[in-house]
């Protein structure tokens, strides 16, 4: 038995200068797990609640002392003495103790930090790397794959202080044979994009996720700049590198008139018109994945978009599904989208996260493991991506240590598996729904 002997919570700082929750779980034998909760900027309305103090005299109201107190008191008292290797039991104890549908009593930030720290401590007690332990929890022990990165190299929307409406323009180094090669390709395109933007007199300041945040005349301009950067780096767009977008459509959807209002371009679209706007972009550029291409509440619009684009484009639900199996189940039944974005803190525990990944895979949907715009040095999502063989990861651009921490952990994992004589496959374009 890997007995929990101590649980510690503390307030630390994330990549946006806001507080977040970090937890330590200590076991008999001296094993310790340490984990921190991330935080989103564009959030789905049905996400589990991130508990903030609301005290304007401290961190502008964004302190997390209440969530930390829950870790140090109620949660600690409930799980000390329990077996850390019973992950589902530990998570359920916290969920039941919280007693709310959206974890608003303790906060998903408190529960998640403890959930992940517990898994890390349990893995250490078994002498396993975290990715291997996650595979065991997932019922897929020994089954790994390296994820295809979706690298956000131009930031807009809520992730940047610019006029670009679409939140993320991403590259996928699909021509790579290994994760390490994919990162090299991504880095080379990133640096060439800086040169392209500078040559046009544009800003090379970066947004929350490490991508550039220039003011551009249109979303098509962003894609054109990336195309030029890919070619300058010596790669072929559509063969070596493909494109992906996160529209974060809920951020520019006007619920009063039902229109998608792209103020950066001075255009407004109905739901169906916006789908056809995106369809035109996919004809001009090799865009193989579109995330949140409609507002989270516009299920009719999503159904239409899936009908129009779903046979050839991966349509990822983020704000749409919020890593929630109840919502995902409904989406699967109604034929909404064909992929889910997986964010730990949208649901608030490792066990529930694994359940969402399994449900998606069982239904033929893909699962894209994702960071949040507010991150820390915690690299757990790298282990999650490998340990569930999810196939894809979204963890930012080729700058900012909070993003690079995840890529570096993936490098370590890939190397460790190679040294052990059990290399994990890198799936390339096959990982993307509709591209196999």
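For all residues, glycine too, the Cβ spot is worked out from N, Cα and C.
On a predicted model such as this, the values are computed, not experimentally measured, just so you know.
(2R)-2-phosphoglycerate binds 343, 372, 373, 394 as Swiss-Prot records it, and from the list 167, 272, 284, 294 the residue named for this site is 167. Swiss-Prot names 246, 291 as Mg(2+) ligands; from the candidate set 221, 311, 318, the record adds 318 to that same site. Ranking the binding-site residues 167, 373 by other CB atoms within 10 A of the CB puts 373 at the bottom.
With a cut-off of 8 Å between CB atoms and residues at least 6 apart in sequence, the same chain places 168, 244, 245, 246, 247, 248, 315, 316, 317, 318, 341, 368 near residue 291 (Mg(2+) binding site), listed in sequence order.
Between the CA atoms of residue 167 ((2R)-2-phosphoglycerate binding site) and residue 209 (active site, proton donor) there is a gap of 11 Å. A gap of 15 Å separates the Cα atoms of residue 209 (active site, proton donor) and residue 343 ((2R)-2-phosphoglycerate binding site). Across the residues annotated as binding (2R)-2-phosphoglycerate (167, 343, 372, 373, 394), the widest Cα-Cα separation comes to 17 Å.
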